[in-house]
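Here's the structure, in structure tokens; my notes come after.
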Amino acid sequence: MTGKSSSTAATISKTPFVTGERVVVAVVVSRVLFSLPLSLISHGFSLFLLCLSAFLVEIRAESSPFLLSRFSPRLGASSGILLGAVTLPAVMMSKLVQLTRAISVHEAEQDELAHVTMQYWAASASCCAILIYLSVIMSQSKKAESSSSSSVWLTRVSLTGTVLYGAACFVSLSMISHTGLNTSLKVLWMLFHGIAAVKLIRHLLCTFPSCASIGEALLVTSGLVLYFGDFLACTIAKIFEKLIPVDLVSISYGIRRTETGIIVQGLLLGLLLFPMVFRFVLHIYESSLQKRDGRQRNCSDAAKSVLFFVSLLSFMAVAVPFWMQFVHDFHQHPILWVLTFVFSEPLKRLSLCIYWVLLIVVSVSRFYNISRSSKVERILLRKYYHLMAVLMFLPALVLQPKFLDLAFGAALAVFLALEIIRIWRIQPLGEPLHQFMNAFTDHRDSELLIVSHFSLLLGCALPIWMSSGFNDRALSPFAGILSLGIGDTMASMVGHKYGVLRWSKTGKKTVEGTAAGITSPRGCWKLTRRS
């Protein structure tokens with residue numbers, strides 16, 4: 001542990017004040033702020049304060065090893081606090097700007113704007129609460145107390161920014177008149193998001209050490225809290241409908257849930273909750289063994305596997321669909337709805353499924369053999385999967401975009417289930433799956449948690465999901481596929497083979513690779529439009 005801490009400290013001490021990542025964040029946030037209409041000025045002011053606070057917290061965290069060594073983040077990576085804290089609020093702010101334009105041309109309603117506004121403040125509150133939590137941890141360190149006056153100055157400025165952010169949040173929420181809620185309930189709703197985000201990021205960083213940077217954990221945490229918070233709150237509102245205002249959980253204002261969105265959201269939430277369910281079932285089974293034999297006994301591997309698959313099938317085929325039907329008045333069993341949806345256009349959708357299966361089988365078997373017998377670097381080998389994602393998703397996005405929405409959710413669900421099986425080493429798939437996945441990992445993954453395939457799939461899916469509804473940018477659904485599948489792949493290959501000029505002395509990024517990554521998606525998009 002001492003070796004890790006010393007290496008982390010050495011890396012931190014060499015971190016410059018101005019980095020490429022911080023410059024990119026500043027440029028993107030500035031672009032968003034300068035595009036705001038007057039009606040969103042208070043939101044823009046809060047985003048600026050959040051960005052400033054995250055910047056100060058990141059500087060303080062990277063100037064000393066206390067925070068990073070406590071949580072054991074991924075080695076060799078920057079803290080990424082600024083990028084993780086600003087990304088989701090900036091995306092929601094962009095959505096607000098887009099809806100404002102839609103309202104001006106009568107293509108959207110004020111209720112939808114109010115709903116997205118609540119989502120923006122929920123995401124911002126989650127990020128702000130995590131920043132406060134990180135600041136408190138650094139302030140409690142005995143060594144931090146004896147540090148220089150610069151740390152005290154950073155603490156005071158961060159605290160001032162947080163207070164101003166709270167004031168901006170209160171003013172903006174009091175101006176939302178379409179939810180039927182008073183301001184205190186709105187602020188309480190934001191507070192719940194902040195508390196949940198703090199608890200979740202603590203759990204992620206402590207349960208999966210060295211699997212992610214703090215910024216990556218912050219981004220994942222705020223996204224999960226925002227995505228699933230509404231679904232869980234809807235459940236509470238259904239149970240206590242007379243006690244909790246329904247508008248609080250976005251049932252009656254601005255939210256138009258599709259059947260695909262309900263199924264994907266319920267499926268992913270169910271899989272994320274399943275480990276807790278399985279722990280409970282396993283505890284009950286071992287307790288029954290102890291009562292029967294009168295001594296402590298652990299569950300055998302065979303019995304554990306049977307319990308796992310029976311519990312998974314029962315929970316995902318019975319409990320989760322019932323939950324969807326109860327919360328969202330889903331009048332048909334979700335499994336039956338999926339079958340009806342797929343066979344409504346059997347030729348196109350089944351042909352697409354067969355194409356995907358064949359492509360996956362051929363590509364994975366080929367790349368797996370290369371990874372075992374070749375000296376090709378892992379980072380380049382993984383880029384072939386990015387190209388495979390283009391071949392899989394681009395035709396579906398053009399021909400069957402609604403079916404692709406459902407397919408992305410199904411693929412994420414399969415990845416989650418396989419990762420749970422791999423982590424728990426569930427027989428007979430756990431160990432072979434672990435060995436297979438390790439063939440494609442590099443220094444950015446750990447044996448405890450492998451997230452590269454999740455990053456690729458979510459990077460392609462999120463722009464498509466977020467482009468649903470009003471969208472005045474034709475390229476936005478293609479953003480993930482083009483940037484990850486083509487831009488990132490070309491940047492790695494060109495930079496690895498032809499890169500000479502490096503952006504920094506310690507980094508591996510080259511100017512040639514960056515130029516290739518920027519220009520290749522644009523050229524591909526032009527060719528697509530011409531064809």
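Note: Cβ is positioned from N, Cα and C throughout, glycine not excepted.
According to TrEMBL:
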TRANSMEM  40-59  transmembrane segment
TRANSMEM  80-98  transmembrane segment
TRANSMEM  118-136  transmembrane segment
TRANSMEM  187-205  transmembrane segment
TRANSMEM  217-240  transmembrane segment
TRANSMEM  260-285  transmembrane segment
TRANSMEM  306-326  transmembrane segment
TRANSMEM  346-364  transmembrane segment
TRANSMEM  384-400  transmembrane segment
TRANSMEM  406-425  transmembrane segment
TRANSMEM  446-466  transmembrane segment
TRANSMEM  478-500  transmembrane segment
Within-chain partners of the transmembrane segment (306-326) [C-beta distance under 8 Å, separation at least 6 from its ends] | 235, 238, 262-263, 266-267, 269-271, 274, 277-278, 281-282, 285, 299, 333-335, 417, 421, 424, 426
Touch test for the transmembrane segment (446-466) and the transmembrane segment (187-205), at least 3 Cβ pairs under 8 Å | no
Can you name the far-off residues of the same chain, 6+ from the ends of the transmembrane segment (406-425), with a Cβ under 8 Å from a Cβ of it?
-> 260, 263-264, 267-268, 271-272, 274-275, 278, 308, 312, 338, 341, 356, 396, 431, 433-434, 437, 448-450, 453-454, 457-458, 460-461, 464-465
Report, as numbers and ranges, which residues of the same chain sit near the transmembrane segment (260-285): CB under 8 Å and 6 or more residues beyond its ends.
-> 224, 227-228, 231-232, 299, 303-304, 307-308, 311-312, 315-316, 319-321, 323-324, 328, 330, 334, 337-338, 341, 402, 405-406, 408-410, 412-413, 416-417, 420, 424, 468
Cβ pairs under 8 Å between the transmembrane segment (384-400) and the transmembrane segment (217-240), at least three | no
Touch test for the transmembrane segment (217-240) and the transmembrane segment (187-205), at least 3 Cβ pairs under 8 Å = yes
